[in-house]
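Asker: Just lifted these from Swiss-Prot, have a look:
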- N58: N-linked glycosylation site (CARBOHYD)
- N89: N-linked glycosylation site (CARBOHYD)
- N95: N-linked glycosylation site (CARBOHYD)
- N172: N-linked glycosylation site (CARBOHYD)
- N183: N-linked glycosylation site (CARBOHYD)
- N220: N-linked glycosylation site (CARBOHYD)
- N233: N-linked glycosylation site (CARBOHYD)
- N329: N-linked glycosylation site (CARBOHYD)
- N423: N-linked glycosylation site (CARBOHYD)
- N434: N-linked glycosylation site (CARBOHYD)
- N574: N-linked glycosylation site (CARBOHYD)
- N644: N-linked glycosylation site (CARBOHYD)
- 153-173: repeat 'LRR 3' (REPEAT)
- 245-268: repeat 'LRR 7' (REPEAT)
- 385-409: repeat 'LRR 13' (REPEAT)
- 456-480: repeat 'LRR 16' (REPEAT)
- 671-694: repeat 'LRR 23' (REPEAT)
- 26-739: topological domain 'Extracellular' (TOPO_DOM)
- 761-784: topological domain 'Cytoplasmic' (TOPO_DOM)
Amino acid sequence: MTRSHCYWFYCIITIYFSFLIHSLASPSLHFCRHDQRDGLLKFRDEFPIFESKSSPWNKTTDCCSWDGVTCDDKSGQVISLDLRSTLLNSSLKTNSSLFRLQYLRHLDLSGCNLHGEIPSSLGNLSRLENLELSSNRLVGEIPYSIGNLKQLRNLSLGDNDLIGEIPSSLGNLSLLLDLDLWNNSLVGEVPASIGNLNELRVMSLDRNSLSGSIPISFTNLTKLSEFRIFFNNFTSLPSDLSGFHNLVTFDISANSFSGHFPKFLFSIPSLAWVSMDRNQFSGPIEFANISSSSKLQNLILTRNKLDGSIPESISKFLNLVLLDVAHNNISGPVPRSMSKLVSLRIFGFSNNKLEGEVPSWLWRLSSTMLSHNSFSSFEKIYSKETMIQVLDLSFNSFRGTFPVWICKLKGLHFLDLSNNLFNGSIPLCLRNFNLTGLILGNNKFSGTLPDIFANNTNLQSLDVSGNQLEGKFPKSLINCKGLHFVNVESNKIKDTFPSWLGSLPSLQVLILRSNDFYGPLYHPSMSIGFQGLRIIDISHNGFSGVLPPNFFSSWREMITLVHGSYEYIEDIQNYSLIYRSMEMVNKGVEMSFERIRQDFRAIDFSENRIYGEIPESIGCLEELRLLNLSGNAFTSDIPRVWENLTKLETLDLSRNKLSGQIPQDLGKLSFLSYMNFSHNRLQGPVPRGTQFQRQRCSSFLDNHRLYGLEDICEETHVPNPTSQPSEDLLDEEEKMFNWVAAAIAYGPGVFCGLVIGYIFTSHHHEWFTEKFGRKKIRVTTSAR
């Protein structure tokens, strides 16, 4: 290589590396614009607490490297600010320095605990493509100025406290792909301008208070794939929905839609999830032009007014996995053609009018729920393919002995045969299952309740109430550590109190009422336990003995309320939501609880032979709603610590041997709407609280020393203390009267005795004999 060639070669190399070094160095030295940096720092200072996750925000570092900040590679302008889940704990100011970032394309402040209103100046960020403000505590109306953000692709304002109507200006967002306004308090109708969003893929308006009709312009949104408006008050849909060729999810549940079943909807082959439950659709179920390529997997039509029979055409949905049409008026048999639905796993037709045989192909599903129908028999099982896990056949017309073919359903987890006419014994084959629920109540089963729970370690619910079972209570239940519901009511079980159940940490409901249980509830050798107990009913048995003062002190679930995720005590079995039910005397009336509230706490020890003092530890059960100790032999005073029972609604202490006064502080219990103190030995004034004055007179009968009942009984039950002397005063007066009477009676005799004694001692006895001797002889004779 010549010298000139070398010279040019080195020049080229030098220039190349100079450009390379400059290009690598310049972003770190000159990338962040000062105005952008200063704007971000001022935005940070608007919040009392602002902690970035990793890279702190300060002037000494490049703002483009700050946590959550992204800049344009060329201009250095901030184009993205992602602070999701950063606790800002304040509101967005109208003049916030955030709005100086005019080149922002992406803004995510979701889950930041923002409150206050959305400032209208947000509409000045005209380059925004994604706006995420969901899961905060924002209030007020959606600002009209958001319609200025014409580059917006994603608008997410869900899970806030926004009010007012959806602004019509949202129709200006013609590029919008995703509109998310769920879980707010929006009202009014959807504006017709929403039909301008021709590119929209997802619309989520669920969990608001929107009403009226879905506008006809809605049919313009032909690219829509997800449509969710459940939990609103919409009343009508456009008549033709067949143009949504890309629709996958259609959820309009829990609204006020009425009219005929929208059959043309099901001609859309892409449709996979349809939920129309909890509306007022009526008439028969019909499907128009079902595509052979239909992708429908989930169809939920529960709680409508649908009638007629199950259509044969439903068997064309070969991809169907879940079918739930419960709580309608569907009648007739289950079509045999439905056996073609080989993908079906969940079949729910509870609370209808189906009848005939239960087809055997249902046993290959995972869940079959046919309660509250009129089925009377079972088709013979020909297939060995049994995958059933949840089987609910309650409230039908089955009769005869326990179906032995159930013993072959090896995968069975939950079995409900309650409220039928089954008889005979409960089979031992049930020990081979690992059941989570066994519900056999209200049949005619007899014999013993077999000890079959040694291997059923997952058992959560056991209900054999309302049968004719006898013998011992099964001790193998001690193995069921997850047991939370036990109901053996109205049988003939004869055993001592199963105090060993107190060691089960999850036990919430224990109902032993109306059996032949006997003996004491408390054994000094055993710990009391029952830390998770919420409801106990052991009434109408033969329990006896004394309860120690601390008997209830370990019942933690009645002391402190732990809010659960659900409103009712329930089981979730493969999609199926199964509520627990029971019967109990509440406010003096036998009640049936089809669902048990999570916050309900009750103790019923009535109609037994328990005696001694009422344990003071009851006063610690601050979550207690119902307390019934009637029909026992409790003595002494009513504990005075009960003013802590501020949630108590029902109190029945009738037919005991209680004495003393009714504690005046009970009159302060504002929720106490029913009480019964009758047939005791109570005395003193009735509390003057409003709740006491609203009670019936019979609630205080046969307590002869109670007073202050004039307003309750509308007559003077016992005179008031102003007109009636106290018992102590009466006793003193009676003693004084007795002394006076004695003095009057014995005074003359004593006087005569003294006189006669003086005569004898004064040697005047001859005179005495002369005057009174014959009378003395007469008296002596008479004495004989």
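Note that the numbers count up from 1, one per residue, in the order the chain is shown.
Each residue, glycine too, has its Cβ placed from N, Cα and C.
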Asker: Using a Cβ-Cβ cut-off of under 8 Å, list the residues of the same chain that are 6+ residues beyond the ends of the repeat 'LRR 23' (671-694) and lie near it.
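Answerer: For the repeat 'LRR 23' (671-694), the far contacts come to 587-588, 630, 638, 646-665, 700-703, 705-709, 711-712, 721.
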Asker: Hey, what's the Cβ neighbour count for N329 (N-linked glycosylation site) at 10 Å?
Answerer: 13
Asker: Which residues in the same chain, at least 6 apart in sequence, have a Cβ under 8 Å from the Cβ of N220 (N-linked glycosylation site)?
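Answerer: Those within reach of N220 (N-linked glycosylation site), by Cβ under 8 Å and sequence separation of 6 or more, are G195, N196, N198.
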Asker: What is the nearest of the glycosylation sites N58, N89, N233, N423, N434 to N644 (N-linked glycosylation site), using the Cα of each?
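Answerer: Nearest by Cα distance to N644 (N-linked glycosylation site): N89.
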Asker: How big is the Cα-to-Cα gap, in Å, between N434 (N-linked glycosylation site) and N423 (N-linked glycosylation site)?
Answerer: 23
Asker: So, in DSSP terms, is N644 (N-linked glycosylation site) helix, strand, or coil?
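Answerer: Reduced to three states, the DSSP call for N644 (N-linked glycosylation site) is helix.
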Asker: Compute the C-alpha separation of N233 (N-linked glycosylation site) from N58 (N-linked glycosylation site), stating it in Å without decimals.
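Answerer: Between the Cα atoms of N233 (N-linked glycosylation site) and N58 (N-linked glycosylation site), the distance comes to 50 Å.
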Asker: Neighbour count first, Cβ atoms within 10 Å, every protein chain included; then name which of N58, N95, N183, N644 tops the list of glycosylation sites.
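Answerer: The largest 10 Å Cβ neighbour count belongs to N183.
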Asker: Check each residue in the chain of N423 (N-linked glycosylation site) that is at least six apart in sequence and keep those whose C-beta is under 8 Å from its C-beta; list them in sequence order.
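Answerer: When sequence neighbours closer than 6 are ignored, N423 (N-linked glycosylation site) has R399, G400, T401, N443, K444, F445, S446 within Cβ distance under 8 Å.
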Asker: Run through the repeat 'LRR 7' (245-268) and tell me, per DSSP, how many residues are helix, strand and coil.
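Answerer: Taking the repeat 'LRR 7' (245-268) as a whole: 5 helix, 6 strand, 13 coil.
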Asker: What is the Cβ neighbour count of N172 (N-linked glycosylation site) at a 10 Å cut-off, with all protein chains included?
Answerer: 18
Asker: For N220 (N-linked glycosylation site), name the DSSP secondary structure in the helix/strand/coil scheme.
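Answerer: Note: N220 (N-linked glycosylation site) is helical by DSSP.
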Asker: Please report the three-state DSSP label of N172 (N-linked glycosylation site).
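Answerer: Once the DSSP labels are grouped into three classes, N172 (N-linked glycosylation site) ends up as helix.
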